[in-house]
Amino acid sequence: MAAHKNNDDATGSGQPLLSSKPVDYSNLNEPMEQNDKKSLLPLESALMSQEEIRFRQVLLLLVGYLGVGALCFFLIRHQIKGEKTNGVLDSIYFCIVTMTTVGYGDLVPHSTLAKLLACVYVFSGMALVGLILGKAADYLVEKQQLLLVKAMYNYENASAGSVSAAEVLKDVETHKVKYKLVTATFILLVLIIAGIVFLSVVEDLKFVDALYCVCSTITTLGYGDMSFSTRGGRFFAVFWILSGTICLAQFFLYLTELYTQSRQNSFVKWVLTRQLTFSDLEAADLDHDKLVSVAEFVIYKLKEMGKINEEDISVLMERFRTLDADQSGNLTTADIMLLQQSS
C-alpha cells in the first residue's frame with residue numbers, strides 16, 4: 001500500500017483537497033434584519049436566471065410556431081368553413097384551438113390541403129405543448145412560488161422580529177412541490193373565474209353555460225356546442241385557452257408529484273428510524289475491516305433509500321482512482337499538478 005501524503009500548509013503541494021473538517025455555516029443562520037433583505041437577491045437571481053433564459057427561448061419558439069401556422073391558415077382561409085369574424089384573428093384562433101386539441105368545431109378544414117395541414121399542425125402542436133410550453137409554465141410558477149415564500153417570511157419577519165436567509169433557502173427546497181401546487185391552483189382558479197366572467201359578459205352566456213364551456217375547454221374536451229363566437233371573444237380565447245390548458249396540466253402534474261414525494265418521504269423516514277441489525281452492519285462494511293465509517297454508513301443508507309445504486313458507486317470510484325494520480329488513496333493538490341503535467 002502506498003504511504004499517505006503529509007499535509008503541508010495552505011499553499012503546499014500536498015494539502016488534501018477533501019477534508020473531514022466541518023464547514024462553518026453559522027453565518028447563514030444569522031437573522032436577516034429589515035435593512036438586510038438584499039441578502040435574498042442572489043438567491044432569487046440564481047433560481048430565476050436559468051428559467052428566464054428557457055422562458056425566452058420558449059416564447060420565441062411559440063411566437064414563431066403560431067406565426068407560421070397563422071400565415072398558412074390565413075392563406076387557405078377560404079378552405080376553412082365555419083363561423084368567422086376576422087381573417088387574421090380566426091387564423092390565430094384556429095391555431096390555438098388545434099394545437100391545444102380543444103377542437104370546438106366552429107372552424108373546420110374543408111379542403112384536402114387544409115385537412116393535411118391541420119393534421120401536421122395538431123401533432124407538432126401537441127409536441128410543443130407537452131415538451132416545451134411546460135417549461136414556460138414552470139417559469140411562471142417558480143417565480144410566483146418564490147414571491148409566495150418571500151411574502152410569508154416577510155410576514156413572519158414583521159411578527160417575530162427576524163428571519164434568516166438560510167431558513168428561506170431551506171423552506172423553498174423542502175416545500176418546493178407544495179408551493180408549486182398552491183401557486184398553480186391559485187392561477188388556475190383565477191383563469192377559471194376570468195373565463196366564466198368573460199363568457200357571461202361578452203358572449204352573453206348563462207352562468208352554468210359559461211362554467212360548462214370553461215370546463216370543456218381547459219380539459220380540451222371541446223364539445224363544440226358552445227365556443228367563442230365574437231371577435232372580442234376569440235381575441236381573449238387566443239391567450240386564455242393556451243394558459244388554461246397548460247395550467248390545468250401543471251396542476252395535475254404537481255398534485256401527482258406531491259403525492260409521490262409524500263410517499264417517498266415516509267419511506268425515507270422509515271429507513272432512517274428503523275433499528276440496525278448485524279446484517280446491516282455487515283452490508284455497510286464496504287472495505288470488510290469490521291468497522292463502519294461515516295462514509296460507509298451514508299452510502300449504505302442512500303442505497304437503501306434508492307437514491308443511488310451499485311453502478312453509481314462504481315462510476316464514482318473509478319473517477320476517484322483516475323484523479324488519484326499517485327494511488328495514495330487521497331486527493332491532494334499534488335494529484336492535480338500531476339494530472340496537469342501529464343495532460
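Note that Cβ sites are derived from N, Cα and C of the backbone, with glycine treated the same way.
According to TrEMBL:
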type     : residues : note
REGION   : 1-21     : region 'Disordered'
COMPBIAS : 9-18     : compositional bias 'Polar residues'
TRANSMEM : 58-76    : transmembrane segment
TRANSMEM : 113-134  : transmembrane segment
TRANSMEM : 181-202  : transmembrane segment
TRANSMEM : 235-255  : transmembrane segment
DOMAIN   : 311-343  : domain 'EF-hand'
Counting only residues 6+ away from its ends, which parts of the chain sit with a Cβ under 8 Å from the transmembrane segment (235-255)?
89, 92-93, 96-97, 100, 102, 129, 133-134, 136-138, 141, 177, 180-181, 184-185, 187-188, 191-192, 194-195, 198, 202, 214, 217-220, 228
Give me the DSSP three-state residue breakdown of the domain 'EF-hand' (311-343), ordered helix, strand, coil.
23 helix, 1 strand, 9 coil
